[in-house]
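Under the heading active site, nucleophile, TrEMBL lists CYS89. Residues or ranges marked as active site by TrEMBL: HIS177, GLU179. Annotation comment: TrEMBL describes 204-399 as domain 'GMPS ATP-PPase'. Annotation source TrEMBL lists ATP binding site at SER231, GLY232, GLY233, VAL234, ASP235, SER236, ALA237.
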Amino acid sequence: MSSASPAAAPDTVLVVDFGAQYAQLIARRVREARIYSEIVPSTMPVAEMLARNPKGIILSGGPSSVYAEDAPAIDRALFEAGVPVFGMCYGFQIMATTLGGTVDDNGAREYGRTPLKVTRSGSTLFEGTPDDQSVWMSHGDACSAAPEGFTVTASTDVVPVAAFENDEKKLYGVQYHPEVMHSTHGQQVLEHFLYRGAGIEPTWTTGNVIEEQVALIREQVGDKRAICGLSGGVDSAVAAALVQKAIGDQLTCVYVDHGLMRKGETEQVEKDFVAATGARLVVVDAEKRFLDALAGVSDPETKRKIIGREFIRVFEQAQLEIMQEEGPDVAFLVQGTLYPDVVESGGGTGTANIKSHHNVGGLPDDIEFELVEPLRQLFKDEVRMVGQELGLPDEIVQRQPFPGPGLGIRIVGEVTKDRLDLLREADAIAREELSAAGLDREIWQCPVVLLADVRSVGVQGDGRTYGHPIVLRPVSSEDAMTADWTRMPYDVLAKISTRITNEVADVNRVVLDVTSKPPGTIEWE
Ligand code: XMP
């Protein structure tokens with residue numbers, strides 16, 4: 001790309017959020033169909049939705065009954081604007097009632113997997129799908145009569161109108177949740193709406209995202225300079241790589257080595273990231289500073305506060321040094337904010353500023369940076385795809401979640417250099433064996449924890465030992481909000497246990513954490 005003007009906005013589908021957690025999943029499914037989607041609250045005026053020039057609108061499910069007093073409504077104008085609309089679950093019912101159909105509480109509750117009978121197999125939504133399919137239901141009220149002009153296209157044993165469409169007006173609806181995996185032909189039905197109903201071409205790809213963002217970043221930053229803090233995680237690495245692609249050496253990356261990283265991770269940033277992107281990187285070796293600050297501290301909250309505080313101090317000092325070297329043109333701070341964070345903090349598309357305070361002479365006390373957030377529109381899996389396309393190594397792009405305070409919160413007890421080294425070894429063994437067994441995708445993350453304040457008796461070689469236990473905490477999860485312990489193969493556990501007790505001095509016991517979240521958190525701290 002040589003032009004500095006932004007690429008044309010992609011065809012967009014708006015997902016109207018009626019309050020449950022389905023909207024994000026729907027938006028992801030639309031993007032899986034290679035069409036760009038954005039989530040908007042159901043309280044947004046219809047005129048504002050239409051002003052975004054959507055090529056289609058999806059009404060999500062939600063927790064309310066359409067007849068509840070405080071049930072979110074939708075302006076009829078939405079259905080009269082000529083924009084194709086697809087209602088799902090609550091969205092289906094609100095569409096039915098708004099357009100004159102009947103929804104009532106006839107006792108026809110359905111939750112979970114439900115058989116669906118397609119009654120119009122050639123319909124826009126169901127063409128090419130089987131007459132009998134399994135769908136995911138979650139409703140109390142049910143639609144008993146479709147609005148005038150609509151054709152009923154499917155039913156269930158208890159719900160006469162489980163799907164309808166008005167092809168002429170481009171309005172479609174299903175009582176169930178096509179976005180969840182349990183609806184066996186859900187994605188196909190969604191794609192039928194997008195491609196056949198709304199007539200949108202599937203042209204949105206991560207390649208487009210890169211092109212679009214590169215143009216936007218160039219426009220935003222101009223000939224000024226930017227700083228990006230790298231944490232070793234996926235998001236900051238991909239954000240930095242995108243900005244690097246756009247503005248090259250106008251970007252300086254800063255990596256604070258706090259000494260709490262896992263084995264090999266600092267090298268990944270120092271060598272592999274730089275090799276893949278050509279980015280200018282400043283590494284601040286702050287291990288001693290962090291360990292001094294953590295000396296004698298066992299309380300987890302205090303540890304977190306100390307690590308957070310030291311991190312900001314070290315990062316700001318590095319910022320200042322860069323500014324002193326490069327002059328006042330350093331006006332931008334790159335951050336790896338993702339779309340779920342944007343949605344959860346109330347949406348918004350504007351650019352924010354961030355104030356940086358410090359007490360070092362030579363520059364004003366308050367410096368205001370404008371934020372560059374090139375991942376604001378993306379979900380995590382899309383960020384990984386962008387990273388891959390930008391040539392970042394798999395070790396960075398496919399990295400499992402790792403807490404900012406690092407191994408500092410995986411040592412229960414005081415954090416010391418010796419204990420960190422010990423934990424790093426044990427953690428490296430566990431990671432190596434999990435990868436060798438092909439479990440990286442199945443396991444969301446596997447914290448390895450050192451119980452530094454616990455000792456127990458063991459026997460190793462000819463002697464009695466009094467060593468520390470290591471805890472393995474493999475969890476399966478969708479989003480880390482809830483998690484279950486992973487039922488991983490005994491032989492892999494056995495291998496990890498044998499290797500850790502043989503190879504890591506002062507560890508004579510390996511235990512498996514079999515607690516789900518809740519009640520247990522993923523990290524021990
Ligand atoms: P918990 O322990 O609360 O962890 O079940 C949920 C998820 O968050 C990660 N985690 C953090 N990530 N900074 C981070 O960037 C942190 O301070 C932090 N603490 C926990 C944890 O690894 C898990 O994925």
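Each Cβ is built from the backbone N, Cα and C atoms, and glycine gets one as well.
Structure coloured by features recorded in TrEMBL.
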residue: CYS89; record: active site, nucleophile; Cβ contacts under 8 Å, 6 or more apart: TYR22, SER60, GLY61, GLY62, SER138, HIS139, VAL174, GLN175, TYR176, HIS177
residue: GLU179; record: active site; Cβ contacts under 8 Å, 6 or more apart: TYR22, LEU25, ILE26, ARG29, MET88, GLY186, LEU190
residue: SER231; record: ATP binding site; Cβ contacts under 8 Å, 6 or more apart: GLY404
residue: GLY232; record: ATP binding site; Cβ contacts under 8 Å, 6 or more apart: TYR255, MET261, GLU265, THR266, GLN268, VAL269, ILE396, ARG399, PHE402
residue: GLY233; record: ATP binding site; Cβ contacts under 8 Å, 6 or more apart: GLY336, ARG399, PRO401, PHE402
residue: VAL234; record: ATP binding site; Cβ contacts under 8 Å, 6 or more apart: GLY336, LYS380, VAL383, ARG384, GLY387, ILE396, VAL397, ARG399
residue: ASP235; record: ATP binding site; Cβ contacts under 8 Å, 6 or more apart: GLY336, THR337, LEU338, LEU375, VAL383
residue: SER236; record: ATP binding site; Cβ contacts under 8 Å, 6 or more apart: CYS228, GLY229, LEU230, VAL334, GLN335, GLY336
residue: ALA237; record: ATP binding site; Cβ contacts under 8 Å, 6 or more apart: LEU230, VAL269, PHE273, GLY336, GLY387, LEU392, ILE396, VAL397
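Shown in sequence order, LEU230, VAL238, GLY336, ILE396, ARG399 are the same-chain residues outside SER231, GLY232, GLY233, VAL234, ASP235, SER236, ALA237 whose Cβ sits within 8 Å of the Cβ centre of the ATP site. DSSP assigns GLU179 (active site) to coil in the three-state reduction, outside any helix or strand.
Taken residue by residue with DSSP, SER236 (ATP binding site) is part of a helix.
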